[in-house]
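Novice: Below you'll find the structure I mean.
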Amino acid sequence: MITGNTRLFAIIADPIAQVRTPQVLNAYFQSQDLDAVLVPVHVPAEGLAEVIAGFRRMKNLGGFIVTVPHKIQVAALCDELGPAARATGSVNTVRREADGRLAGDMFDGAGFVQGLRTQGHDPAGKRLLLLGAGGAAGAIAFSLVEAGAARLVIANRTLAKAQAIVQRLRQAFPHADVRAGTADPRECDMVVNATTLGMRAEDPLPLDAELLRPETVVAEIIMKPELTPLLAEAHKRGCPIHYGRHMLDEQVRLMARFML
Ligand code: ATR
């Protein structure tokens, strides 16, 4: 039951109706027997700074989750940033300290890597191909290198965006083997699809499936549909496949721990 003692958490987004975090995090709070509740807050970009200033004043607010389109702007409004947030310039979770200071970090990548590990696909020492260079791909690239990938090639329709991520990664990890390249999985142990291709039935595959070897793990971050055309094609060719939902499952735990 919600009482005067219940700790408050929020998720901010625009639009808000589609977010799944309230269901998932409130279920997590219940499973941990925590007196806490997370509510959706619809915040358009033009009101963001005022809402964040108000959050600083709310003494029973433990923190908030940040999603589209606020991840970059909120990073700039935080007082402290964790390493993944600094490297990607974006946050998805903010903790409110007792004095109103805000500490932000980014768990998209850590959730993905933790999800891989729970399924027996540790990226340490592996040659990886990352497809896509959007917000999610940037965070995942950071965490894959941090986890000890032997090599990371980032392929993207817009090459300059892949190059920009590579540049940031080289600053954070000067000795890492990271480069922008083409979507060729032949010399890879694992392929990660972080493009949005596969969300709609009419989307083309994000790579030429003919080039997949059966030893290569093929991982998605798309949650719906669960079996994307890429995963279906990879499975047909004997590749181990890794579903998008594992990322969210692990991310929820990491985000809750950071805010609590
Ligand atoms: P997210 O927040 O999920 O990362 P995003 O930042 O919009 O979303 O990134 C979407 C990714 O999917 C980008 O890498 C994008 O490629 P561009 O950087 O060239 O835009 C990729 N993507 C989306 N539609 C695509 C398409 N039709 N063909 C190839 N890549 C596509």
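Placement of Cβ uses the backbone N, Cα and C atoms for every residue, glycine included.
TrEMBL feature annotations, pasted as is:
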DOMAIN    11-94  domain 'Shikimate dehydrogenase substrate binding N-terminal'
DOMAIN    123-195  domain 'Quinate/shikimate 5-dehydrogenase/glutamyl-tRNA reductase'
Novice: I'd like the per-state residue tally for the domain 'Shikimate dehydrogenase substrate binding N-terminal' (11-94) from DSSP, helix first, then strand, then coil.
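Specialist: Reading the DSSP string over the domain 'Shikimate dehydrogenase substrate binding N-terminal' (11-94) gives 37 helix, 20 strand, 27 coil.
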Novice: Using DSSP, break the domain 'Quinate/shikimate 5-dehydrogenase/glutamyl-tRNA reductase' (123-195) down into helix, strand and coil residues and give each count.
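Specialist: Counts, helix then strand then coil: 26 helix, 17 strand, 30 coil.
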